[in-house]
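Quick look at what Swiss-Prot annotates:
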DOMAIN    383-437  domain 'MIR 1'
DOMAIN    466-522  domain 'MIR 2'
DOMAIN    537-595  domain 'MIR 3'
CARBOHYD  ASN20  N-linked glycosylation site
CARBOHYD  ASN59  N-linked glycosylation site
CARBOHYD  ASN357  N-linked glycosylation site
CARBOHYD  ASN453  N-linked glycosylation site
REGION    1-44  region 'Disordered'
TRANSMEM  135-155  transmembrane segment
TRANSMEM  175-194  transmembrane segment
TRANSMEM  206-227  transmembrane segment
TRANSMEM  232-252  transmembrane segment
TRANSMEM  266-286  transmembrane segment
TRANSMEM  293-311  transmembrane segment
TRANSMEM  327-347  transmembrane segment
TRANSMEM  676-696  transmembrane segment
TRANSMEM  723-743  transmembrane segment
TRANSMEM  755-775  transmembrane segment
TRANSMEM  787-807  transmembrane segment
Amino acid sequence: MATGYSTGVSPFDLDENNHNDSIHHRHQNHHSQSHDSSGERDDTEIEDIIQKTSKLNINTSTSTKIKNFFFQSSNRHDSSNSPPLREVFIKTINPLILTAISSFVRLYRIDVANSVVWDEAHFGKFGSQYLKRQFYFDVHPPLGKLLIGLSGYLADYDGNFDFESSNVYPDNVNYVFMRIFNCFFGILVTPLAYKTAVILGYNQFTCWLIAFMVIFEQLSLTLSKFILLDSMLLFFTVLTMYCLVKVHTLAIARVGSNSKTPLTKLEIKWYILTGISIGCVCSVKWVGLFVTALVGFYTIVDLWIKFYQTFAIDKKSPKKMSVVNYLIHWVVRIFTLIIIPMTIYVATFKVHFMVLNHTGPDDGTLSTLLQGSLIGNDLQSGPRSVAFGSLVTIRSQGLSPNLIHSHPHNYPQGSQEQQVTTYGFKDDNNEFLFEFGVDAGLRNQHATLENENSTRNGGNDDDYYHVIIHDGDTVRINHKNTGSYLRANAVGAPITSSSYEVSCFGDVESNDWADEWVIEIQSQDQSPDPMFQDEDPSEIHSVSTSFRLKHKQLGCYLATTGKSYPAWGYQQGEVVCKYSVFSRDKNTWWNIEKHVNNKLPLPATEYVPPKPKFWKEFILLNYAMMASNNALIPDPDRFDKLSSEWWEWPILNTGLRMNSWGDADIKYFLLGNPLITWISTIALIVCPLYLLVVGIKYQRQWILLSATDTSNANPANSQSLSLLAARALLPLAGWVLHYVPFILMGRVKYLHHYVPALYFAIFVAGFIVDAILNLDFSYHNNKFQYIFKVVIYSTLYLVICISFWYFKDLSFGMEGSSVDYRHLRLLGSWMI
């Protein structure tokens, strides 16, 4: 085995000189033995043969021309010798034909279901929010939903349809245009798949096979007919793969030309396009991080090989790259593959915040300052200074910025006292009262509210206090609805056992030292209105003051963890009391949001809240998205007909009913094309075995495994390692990266999560078919091999089309009784 690396710039560009020389040496020995045994030919006889053959007029047969047209590798022909028509077909005509077929099967009957289908109820509603400019919260990044909003805008939709599941679209909602807009992304996947196969150097029959499998793959086909994110996600995933393959092949071409420049302008262009595509795919769904990981792993291997070439770790290998050129490779990749994608991702959130500038249904999940910046917000900031007796809601400033909440349900373990949680919706169980410390309680002094919100009865005027709360004051926090006090207990919290449990306990007459908290002011945000810029910094002010609550007995701080309670806690956020060394720990920071106190004067003019900081809101929103994603766990006590498990997807053990199943409904059943899915699954099993065989043959010096193009070598004993990496390893790694994470995830899973992985599986299938049909059958002549290949490819095209035609109604919509379609139920688990 060789130990050095060649000048190749892409992964797996190994220096195989020693290995290949060994093979050539064996071939030469065999040749010399044959030559010695055969004897010398007569010179005059040789001259006679040369003269005769020179007079021959050799014409290429029609079958040979057809063979070269279809089976010549798509990226290896010399345009000066190739027929111009072939160039036109590969670059223009073939992609147009495939795009036309893809358009027909995806647009056909796209309008037939005139009601809200499946997740159109979610994403159509989010598009409406953009048109109404009302803030909302969702677990996915904004780009895909912004595009849905754009489709509604272009369709003259006003955003006032509710998109309730199964509701019929009114006449003023041009749902057909919005579906076509979404379908456009699904259509473009086909020409991208074809062009990717062309760049990989496949012959035209293999390119068409891959394109046909993509066209008639019914998971993505069905999803592309509706207002969903899946087509956009798949398109940008495919585009990223296309750009990566382009970068790979350009790098190989540069090395083959012995260029001295570290990167050509064309390579830099495609690196930039790769970065743009990564930014877009991650801005549609976080599943885009999986194809980003594929690019990342490729880049790591690439840079490691260049490091080896630059610093010549193996002393036997010469230094093949300067340090400056190596650093240039780093700079280009950091800028194009990290900075550009991150800029696009952040920019989509910037647009998201700019468009959604009105209050909406999900304000309860937002920070107080972000709510205050929304037009029409319902913040009741009340008097500027908070006093004992004030009724308040208290919001966390941690990564899960919800309101502190309690309800009359107890912990099943620990103290078994009343639960304390954080809650993302505005509710009267979020309301608390600031009460004096225990010393005042022992003197029977209680701060109360003398208004409709008060829960106290009677009393003299002397019993009412409106003393302003200052930094360092001791307070008790009383839950308004249950009358119990917020406290910390010296037992482990239910989820985060390293911190103390927080509960509510007792009543207004209780005087327990465990109920006392100390106010520690951390910061005062300044209003842009000069009238509110001279407020006392030692006082607690609603909205603008950030403070911590330190438990007086235990010395720990009231905090959120970002974790959620299980079903007994209604999946609400965990609240704990923890020791915090750093005062800047935002999980221990709180602010007053709602403030009611009729004893105190209101400001002369309406309070203008401080402006929210974009980066803070960006981080908070992304963490909230992550927390909500993690909270989407299956309920073990509930049977979910729509969800499925990861092991069911490659074998199509289950499908998914996308809408109502009545006889009067147009019914859609989400299911992959069985033939295509099963072929791709078999290929996923065969591919590692094939690569293992290639590795064994290489190790035993039975084949050449060159880093360079071997198009002119005998395919029986030579292969291009770079092409092998691009054709087999990249798609196989893409499938693994898009599939294995769902095995590890605890969240609820659905069949459509397999769509990106299936795309990579199709390319693995194309590789295996191409590899098998290009084996060197030396005992047959070339004409037989050509006919054999044509028959096999034609058969594959035919059975793919027949399979699609047989199951077409699952994607085009089933009318009438579902009984009429029971013949499509090949497996008993398919609920057709």
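Backbone N, Cα and C atoms are what each Cβ position is placed from, and that goes for glycine too.
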Which sequence-distant residues neighbour the transmembrane segment (232-252)? Criterion: at least 6 residues beyond either end, Cβ under 8 Å. 8-10, 13, 75, 143-144, 147, 182, 185-186, 188-189, 192-193, 195-196, 199-200, 220, 264, 266-267, 270-271, 273-274, 277-278, 280-281, 284-285, 287-288, 291-292, 294-295, 298, 302, 708-709, 722, 725-726, 730, 734, 755-756, 759-760
Does the transmembrane segment (266-286) come close to the transmembrane segment (206-227), meaning at least 3 CB pairs under 8 Å for residues 6 or more apart? no
Cβ-Cβ under 8 Å with the transmembrane segment (787-807): same-chain residues at least 6 beyond its ends: 71, 105, 205-206, 208-209, 212-213, 216, 218, 671, 673-676, 769, 773, 780, 824
Of the listed stretches 135-155, 327-347, 676-696, the one with the highest count of C-beta pairs below 8 angstroms to the transmembrane segment (293-311) is 327-347
PLDDT averaged over the residues of the domain 'MIR 1' (383-437): 94
Across the domain 'MIR 1' (383-437), DSSP labelling yields 3 helix, 27 strand, 25 coil
By DSSP, how many residues in the domain 'MIR 3' (537-595) are helix, how many strand, and how many coil? 6 helix, 29 strand, 24 coil
For the transmembrane segment (175-194): best-contacting stretch of 266-286, 327-347, 676-696, 755-775, by Cβ pairs under 8 Å: 755-775
Given pairs 6 or more apart, does the transmembrane segment (676-696) have at least three Cβ pairs under 8 Å with the transmembrane segment (327-347)? no
With pairs closer than 6 in sequence left out, are the transmembrane segment (266-286) and the transmembrane segment (327-347) joined by 3 or more CB pairs under 8 Å? yes
